[in-house]
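> One structure coming up, written as structure tokens, with questions to follow.
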Amino acid sequence: MLINHPSISCEMLGKGWAPTKTSADESSDYSPDISPVILAAHCNQFEILQLLISRGAVIDKPHSVSCRCSKCQESLRTDSLRYSLLRIHTYRALASPAWISLTSADPILTAFKLSWELERLAMRENEFKDTYIELAMSCKKYACDLLDQCRSSEEVIAVLNKKNDSDSEDDDEDDEDDSSDGERGEDRILTLARLKLALKYEQKQFVAHPNCQQLLTSVWYEGLPGWRRYDGALKILICIGLIFLFPFMAFYYLIFPRSRIGQFLRSPFMKFLYHSTSFGCFLILLVLASTRTEATDGKRERIRGPPPTPVEWLIMLWVTGMVWAECKQLWEEGLKAYIRQWWNWLDFIMLSLYLCTLSLRMVAYIQVQSGKNEYREIERSLWPDNDPTLISEGVFAIANVFSFARIIYLFQTNPHLGPLQISLGCMLIDIAKFLFIFFLILTSFACGLNQLYWYYDSDCSQGKNADGECKMNTDAFTTLDNTFVTLFWSLFGITTPKSTDLHDDHKFIETVGQGLFMAYHVAAIIVLINMLIAMMSNSFQVIEDHADREWKFARSKLWMSYFDEGATLPSPFNVIPSPKSLFYFLRGSKNFICGDFRRKKPKPRRRSMERGTIKRPSQNGSEKSYITKRDPEYQEVMKLLVTRYIHHTKKELRQDGVNEDDLLEIKQDISSLRYELREDRKRESARSSGQVEGIKRDLIRTLRSNGQNWSTASLSAVMPNPCSGSTPIITANPKIPSPINTGPLMPHVHSVSLHSQSDADFLRREIISSLRIEIRELIREIHQSSRNSPIQPPALLPTINSELYHTHLYTQL
């Protein structure tokens with residue numbers, strides 16, 4: 001093979017290929033930067049790529065876009081386009097399924113990281129955005145295809161349960177899921193670390209895959225066998241019954257956390273049900289606080305810094321529990337993971353507003369009790385504008401809006417409301433983009449109209465008209481803030497067109513003002529508002545086209561937040577000290593005092609990354625939180641998945657239509673067939689010539705036995721060469737002698753006396769005629785046999801049971 005030639009080194013198969021090429025050697029099909037190993041990866045040829053890798057060929061990962069090394073700077077100065085194309089060609093090879101399958105020990109993790117990197121490059125290099133997005137989608141599809149090759153739940157668990165290399169393997173003795181049956185040291189735990197990584201890298205196709213969703217669903221409804229087969233009315237009745245039992249079960253869990261009821265409460269679905277119930281009770285308290293009966297007595301509205309009511313005390317208790325839960329989540333996840341979730345921002349803003357309300361109420365109460373306020377009970381209209389009670393009421397109203405808006409978060413579990421909630425989130429991004437452009441347009445017209453009308457402020461102190469009266473002009477555009485308000489409300493038709501009229505006889509100013517006002521309506525209402533509607537419709541359609549995938553991805557995020565250990569009891573039960581928490585506190589204090597604490601600083605992360613909480617039913621029906629070691633190892637499973645994927649890919653290629661490789665193969669077969677036909681024709685011609693020469697020798701032998709002296713040269717003069725195209729002219733002879741028998745070789749030649757020239761001529765014509773008939777029959781048989789049995793092309797290459805020699809790359813080599 002060419003690859004085994006001494007002049008071919010491993011560097012030439014990879015990055016050393018381009019220096020060996022000159023401008024005259026460039027191919028019209030491929031750039032000189034595309035080495036054989038890159039070309040094989042582009043073509044997704046597993047056999048050729050494996051052969052090149054075995055010879056030492058490698059593909060070096062490109063430097064970062066922001067790299068400032070001398071090599072990158074020199075490439076940019078020399079030819080920036082070639083530098084960018086080389087990066088694209090390299091990443092296209094690195095994103096090839098064949099390359100990832102043959103070179104990566106963890107193909108799924110490689111596909112995740114590479115797709116994330118390609119998406120970042122698409123934002124950095126906008127010129128090649130479509131190309132990078134296409135490569136990123138190819139990596140995502142490859143990871144999804146590998147998951148599709150799983151044939152059992154154990155293989156799916158092995159894939160989704162794979163930990164990253166950076167994850168700590170040490171045990172956490174303070175975890176709440178320590179096994180009580182002594183299996184902790186013998187089993188490994190279902191943590192779904194790889195699924196969490198897929199959520200982090202936004203691998204929506206991977207997360208929404210049926211294999212992954214089936215496992216998540218089985219874990220979500222564990223502890224409730226047959227739940228999905230129940231009728232809808234029966235499900236509602238069961239949920240109502242569990243909600244009414246919630247206070248009793250919560251207190252029972254505080255006392256006996258490791259009982260069967262405690263294990264049942266730690267299941268993801270029960271945690272979600274009780275957390276939703278707790279938040280629903282909190283909203284009911286907010287409604288009661290807004291419509292409290294104390295406001296009817298007419299006294300509380302006049303009191304500055306009033307004491308909290310019983311409903312407000314309950315609200316404070318709920319807020320305290322939610323703040324404690326958020327603090328625990330922030331400690332376990334870390335700051336980066338916490339701020340990555342947008343719903344945590346909403347919780348942070350909501351709780352901050354409630355804490356601000358509580359602080360202002362305390363300040364107002366302290367001011368009243370300390371005597372700083374002269375009057376405690378006074379008409380509300382006489383209160384100062386910066387009174388802490390007034391500010392706290394305003395902040396509390398805003399917090400209530402955020403609280404009720406948080407209900408949308410629970411819609412993600414519903415298949416009908418979930419896609420609408422996701423579409424609303426995307427529309428908020430469109431609204432933010434629109435507001436930026438709208439603010440620029442609003443500011444430009446506001447400045448223009450304010451500059452035009454601020455001279456006509458209705459202030460009678462500046463002078464009166466000729467009649468001695470002060471006619472009031474409109475104050476819609478006299479100040480900048482009034483101008484902003486007027487232009488904003490004009491979008492909804494609240495203002496009147498007479499806002500630009502003046503009592504002074506300045507028609508030109510009025511005309512300019514009316515023109516600007518009309519231009520604003522055209523730009524803002526006709527153009528910008530319709531543009532916002534089009535943007536929101538496009539975002540909704542994008543989500544609607546992939547509604548099932550988007551909803552399953554968002555639902556998986558919600559489910560995974562309840563898979564983690566901790567936060568079993570919702571607010572306000574989580575602030576009640578339990579015997580378990582007291583035991584852990586005392587043990588931690590003892591270890592701290594005795595100096596037996598860990599000096600290694602723990603990394604804040606979810607505890608389930610080290611200690612899983614997910615129980616899987618065993619064969620005998622019992623539930624355990626661990627996976628036995630009989631489960632297949634990750635590397636073995638990945639080896640099986642990659643093998644199945646390669647086989648499936650080859651099968652699809654064979655089932656597809658004719659491609660470029662097939663056309664080149666057919667072309668090569670036709671050339672080989674033509675060469676074989678030419679060789680067969682030469683062999684048949686040589687065989688016919690040999691038969692004619694044998695007939696000549698037999699004829700001369702026969703004539704000599706009859707007493708005639710015939711030579712080969714003389715007989716050649718009589719008989720033509722069958723290989724030549726000449727045919728002798730046969731003249732008619734009126735004298736027909738009696739036939740003679742010349743032997744078995746010539747049955748049609750008659751025995752006559754050969755003593756005259758005429759007899760010799762007659763014998764010559766008889767022999768030529770018989771030879772013609774025999775040669776024609778022989779040629780006809782040869783052609784008939786060649787039609788019936790196709791001629792096999794010669795073996796130009798060694799016969800190898802591989803598809804290596806039937807590929808486009810080998811033809812190019």
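Glycine is treated like the rest: Cβ placed from N, Cα and C.
According to TrEMBL, the protein carries these features:
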| type | residues | note |
| --- | --- | --- |
| DOMAIN | 67-129 | domain 'Transient receptor ion channel' |
| REGION | 163-184 | region 'Disordered' |
| COMPBIAS | 167-180 | compositional bias 'Acidic residues' |
| TRANSMEM | 234-256 | transmembrane segment |
| TRANSMEM | 272-290 | transmembrane segment |
| TRANSMEM | 348-368 | transmembrane segment |
| TRANSMEM | 431-456 | transmembrane segment |
| TRANSMEM | 476-494 | transmembrane segment |
| TRANSMEM | 515-536 | transmembrane segment |
| REGION | 600-627 | region 'Disordered' |
| COMPBIAS | 616-625 | compositional bias 'Polar residues' |
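Distances, neighbours, how buried they are, the whole picture for these features please.
Helix, strand and coil counts under DSSP for the domain 'Transient receptor ion channel' (67-129) come to 53 helix, 0 strand, 10 coil.
If one looks beyond the transmembrane segment (234-256) by at least 6 residues along the same chain, the residues whose Cβ comes under 8 Å of a Cβ in the stretch are 227, 262, 265, 270, 273-274, 277, 568-569, 573, 576, 578-579.
Outside the transmembrane segment (272-290) by six or more residues, the chain places 239, 242-243, 246, 250, 265, 309, 311-312, 314-315, 318, 322, 400, 403-404, 406-407, 410, 413, 558, 562, 567, 569-572 with a CB less than 8 A from a CB of the stretch.
If one looks beyond the transmembrane segment (476-494) by at least 6 residues along the same chain, the residues whose Cβ comes under 8 Å of a Cβ in the stretch are 442, 445-447, 449-450, 452-454, 456-458, 500, 513, 517, 520-521, 524-525, 529.
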> Against which stretches of its own chain does the transmembrane segment (431-456) lie, if we need a Cβ under 8 Å and a gap of at least six residues from its ends?
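The answer is 473, 476-480, 483-484, 487-488, 500, 502, 504, 509, 512-513, 516-517, 519-520, 523-524, 528, 531-532, 535-536.
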